[in-house]
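**Q** Sharing a structure here in C-alpha cells format.
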C-alpha cells in the first residue's frame, strides 16, 4: 500500500517541479509572446544566488525565497530594458537574442563565479512513510508550487495591477488610450516572470548539481509544458504540468527514465495535434 | 517586367563565385584550407535547406537537425552494410524526404499555427535525440553497423566514385564533389523558386487565405516544400558523416537546429545567398575565437549573437544590400529624389 | 537618425574584428617543438577541460625548465573546441596539417576522441588520450594512460562487498561507458558470490531521481553501485541524502568525482562515505606527488585547479612523451613508440606507470578511497593492474595498423 | 443560360456557441443571375457568405453547386469548381507587385503566354495598370479592392462571390466597380453582399434581404426600397421615416 502512496507523492513532486519550472516562462512566453531561450539560465542564476548567499552566511530560506527572486527579477528588468524592449512583436528575433543571452550568461557566470561552487544540502532531511523514506523537502516543493499558482492567479484575478497587465498584453494600443504606461507594464511583467523563475531556481538548487551549464536540462521541459498548456496561464500550466508530470513519472516507475522522457514528449506531440492551441485553447476557454 | 531567373544578376554572381571556388580552389589552397572549406560547404547545404522552406514557403522548422541526423545515420548504416556509398548517398536524400513528407502531412493537415509548428518540429528532434542516445547496447545494430548511442558510429566509409567501391575520393576531390552538390542544390532551388510552383509557395508565404481562394491546396504545397527541405538537410547530413568519417547524436541536438536558425536569420530570411554568407562568417568566427584565449568563448559568441539581432534586424545580406544602396545614393547626389530605381527587394 | 549611428557602430566593430584576426606575428622559423592541447575550455565540459589544460601548460614549462627537448624549446598550441564536435575535427586537422605539431594531448568524451583519433591516425600525428573511458581502443598511433572499467571495478566490487554485503543495485549513465561498466560490475559481483538485484540506466540529462530512490528502497540492496556521469546526475546523490538514505544504504562509484569537481559541489553531509576507485588521488603520499602538488600550487596560486586522475594523467602524457623524445633522441614516431613499448616504467605522482605494448594502455597502480569532508582518504592500493578489458580485443603486435574502437561486451 | 440553378442551399444553419448566425436559409441562384444580399449589420449576410466559400463549415443543412453537394468542402476545392471569391477584408499577396498578383490568378486558368496577356487585360479593365509595379501592400484600400476584383475576374469563373466590394472606395472607383460587376454579370452568376445604397441602386435587380440570420424578403430592388418593413429593420423601430 505505501508503495502506491510513494508513487502518488512522487507524481505530485514531479507536477510541482514542472509547475515551478514553467510558471515563470508562462508569464514571459505565454502572456508576453516573447520566446525566452535563456529561461534555463535564469533558473541557474536563481540557484547560484541562493548558494552564494547561503555560503556567505545568509539563512537558506531567506536566500531561497527572498534574495533569489529579487536579484533575478532585477536582472530580468535590466534584460528587458536593454534587449527585449526592441523585440516586441518580433517573436523570432526574441528567440535569437535570448539564445545569445543564454550563451552570454553561461560564459558570464563561469567567469564571475567559476564553474564549481559548493552546493547547499537539502534541508529538513527525510521522513518515513511506511517502509519508505522520502525527502521532506518534497512536500515543501509541492506546497510552494501550489502557493505560487494561487498567488499568480489571485494577483491576475483580483488586483488592479493584474488587470492592467492582462489588458496591456491583450491589446497594448487600447491600454495606451486608457492612459496606461505600457512600457512600464512590460518591464514589470518581464521582471515578475524572471523573479518567479529565480524563485524556482532557488527552490531547485538543493536538489540538483548547480553548475553554469545546468540550464540546458530544463529549457526543453519548460517550453513543452507551456506550449501544451496553451493560452491561459494558470489553467494551462497547471493542466499541462499535471498531465505531463503524471505520465512521465508513471512511465518512469514502470519502465525507467528513458521511456519516461520519451512518453512525455510523445504525449506533448499528440496533444499538439489534437489541440493545436494547447489544452486551454479549447477546454477551460475562459479561465485565466 | 517579369523577374525571370536569367535577368537576375545576383544569381549569376553566386554561380560564378561557386564555379570559380570549385575549380581554382584546389590549386590555390593547401590541404588544411581545403578540409576547412569543405566543412563550410556541407554546412551551407544544410543552411540552404532551412533557408528554402522558411524563406520561400513560410514554414519555420525548429527541428531541421532531425533530418540532418537522419540523413547522416542513414548514410552511415547503409554504407557500412553495403560497403559502397552511391546508393546510401541517394538514400540519405530519399529517406529524410519521405519522413519529411509524412511529418508534413501530420502537421499541415492538422491546421497547426506557425509557433506550434516550430514546437512540433522541436519535439520530434528531441525524441530522435533521446532515442538515438539510448542505442548504446550491442543489441542496437542494423546489420553490421552498431548505432553506438552517445559514442556514435565511428569509421564511416569515405565517399567513393560511383560504380567503383574502392576509389575513395581524396580531400580535394571530395571538396570539388561537395562544391558541385552545393551549386546544383542552389541552382535547383533557384529554378524551383522561379517556377510557378515557387511563385505559388511565395504567395502562400505572403497570404495563405488568398492562395486557397485562388484554388491552390496550400497543405499539399507545404508538404512538398517541407519534403524537399528535409531531403536536402538529410543529404547534407550524409556529406557531414562521410567528411568526418564519424557521426554521433549531436547531429540531432537542439544546438544543431538552433545553428540553422541563426544562419538563416543572420543571413536574411527570404534569401539563399545570405545564409551561406552567415555560415562562413559565423563558423570562421567561432573557429577564430577558439584560438584566441580572451574571455570565455560562450560569453563572446552570445554577445555577438545579441548584437546581430539588435543592430542588423533584417539579417546580414539585406542590411549589406541596404547599406550598399544607401552609399550608392549618397555617392550620386544629383539623382532626383523620386529614386525610381528603388527596385523591389529581389530574391537573390 | 538612430539608423545612421547604428551603421556607424557596425562599421567600427567591423574594423576591430579585422585587426583582431590579423595573423599573429609569425614566430621565428620552426626552432620550437609544438605540442597540441585540445581540451574544452568553455561550455558544459569546461569543469574537466580547464584543469587538464592548466596541468598541460605546467608540464610543458617543466620540460622547458630542464633544457627543453633536443636543444629546442617546447611550445604549446592550445585550441578550445567549446564542447562542439565540429570544432574538434577542424582543430585536429589544423594541428596535424597546418601547425604540424609533434604530439597532441586531448579529447575528453569518447565522442570527441572518436572524432579526432582517426584524423591523427591518417596524418600520423602521435596522440595521447588522457581520460578514463570504457576501454577498447586499438590504434597504434594512440597512447591511452587513463584507467578502464576492468582496472577499477575489479578492485572496487570485492572491497565494497566485503564491507557491506552481497546484494548490489546498479545505476549507470545510459551510454557506452555506463553499459560496459554495468556489465563488468555484474561479472565481478557474481564472481565474488554476490547478486545484482537490478540495473537501471539514465539519460545524461535526467535530473529527478525520486522514483529510482523509491525503487532502490523497495529492492533493499546492501549497496548501490553508481556509474552516473555528468552534472545533471549529481542530483541523485543530493536527493539520496535528502531522503535520509545515506545512513541506510552505502554508495560505491566508478565515476563520482572523476574530474574532481563533484567532491567540492556536494556538501560533506551528501558526499561522505562514498567509495570510489581511480588511478590517482591528491592524497597519495609519495615524494613525486608532493612535488607535483607543490608545483601546481606555485604555478596557479589563486585559481589552483582541483586535481584528479584526468589532470594528473595529462601530466603523465607530457612526461612520458618527453622522456621518449630524450631517450630516442628524435621526434620520429616509430622511434618514440619503440621506447614507450619497451615496457619501461615511469615514476609518476600516481605511482609506477608502464605501457602495455599490446594495447598501448597503461599498467598502473589503482587506489580505493572514501570521501570524508570533501577529501579522499585512500583505503587500499593495488599495484600494477593490467588493462585486461582492452587486452581481450586488441593486440597491436599482431595487427599494427588497427584503427578501431571495439565495443567490449561480456555476454 | 439555362434557368437551371447554379447554387442552392437547403435549411442552412450556422451556430457559434449560443448564437444562430444563419437560421434555416433556403436560397437559390439561377445561372448568370446577379443577386444582391442586403440587411442591417449582424443580419448574417457575411456568415452566410463564408459558408458558401468554405471558410466556415455550416452546423447543418446542405449547399449544392450545380447539383454537387459542397457542404463543408475546403475552400480550394470549391474554388476549383469555378467559383471566384472576394473576401470582406482584401486578401492579397502584399509583398509582391500588382502585376504578379493578378498574373498568378490568371495562371490558374490559362497557360503562361495567355496568362501574361490576360493579366494585362484585367489590369486595364480595372484601371490599375499604372500601379503594375507597385507592391500591393503599399496601395490604398480602394485600390486594393480593385486589384482583388481583377484577380477574381482573371480566372473567368462561372460564379463570382463578392463580399462588400465597394467598401473604402472613392466616388469614381465605385462607378468603375459598378460597370465591372454589371459586365461580369453578363457572362457569370454574381452574388454581392453590400451596404452602400448608392452602389446597390446602380447594379441591383433581384435582391434578398437578411434579418437576424433568416431571409426577410426577396423581390426586385425598387419594391424593396419602398417597403416600410425593410426600412424599419434598417433604421430601427422608433425612427420616423421620411417618406
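Count begins at 1; order follows the chain as displayed.
Placed from the backbone N, Cα and C atoms, the Cβ positions cover glycine too.
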**Q** For the transmembrane segment entry in TrEMBL, name the matching range from A:164-183, A:184-203.
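**A** That would be A:184-203, per the transmembrane segment entry in TrEMBL.
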**Q** Honestly, do the transmembrane segment (A:184-203) and the transmembrane segment (A:58-79) touch, with at least three Cβ pairs under 8 Å and pairs 6 or more apart in sequence?
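**A** These two stretches do touch.
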**Q** May I ask which of the stretches A:91-114, A:134-156, A:223-246 has the most CB pairs under 8 A with the transmembrane segment (A:258-279)?
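**A** The stretch I would name here is A:223-246.
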**Q** Select the range from A:12-38, A:58-79, A:91-114, A:134-156 that forms the most Cβ-Cβ pairs under 8 Å with the transmembrane segment (A:223-246).
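**A** If we count Cβ pairs closer than 8 Å to the transmembrane segment (A:223-246), A:12-38 scores highest.
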**Q** If you count Cβ pairs under 8 Å, which stretch among A:58-79, A:91-114, A:134-156 touches the transmembrane segment (A:12-38) the most?
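**A** Per the Cβ count, the answer is A:134-156.
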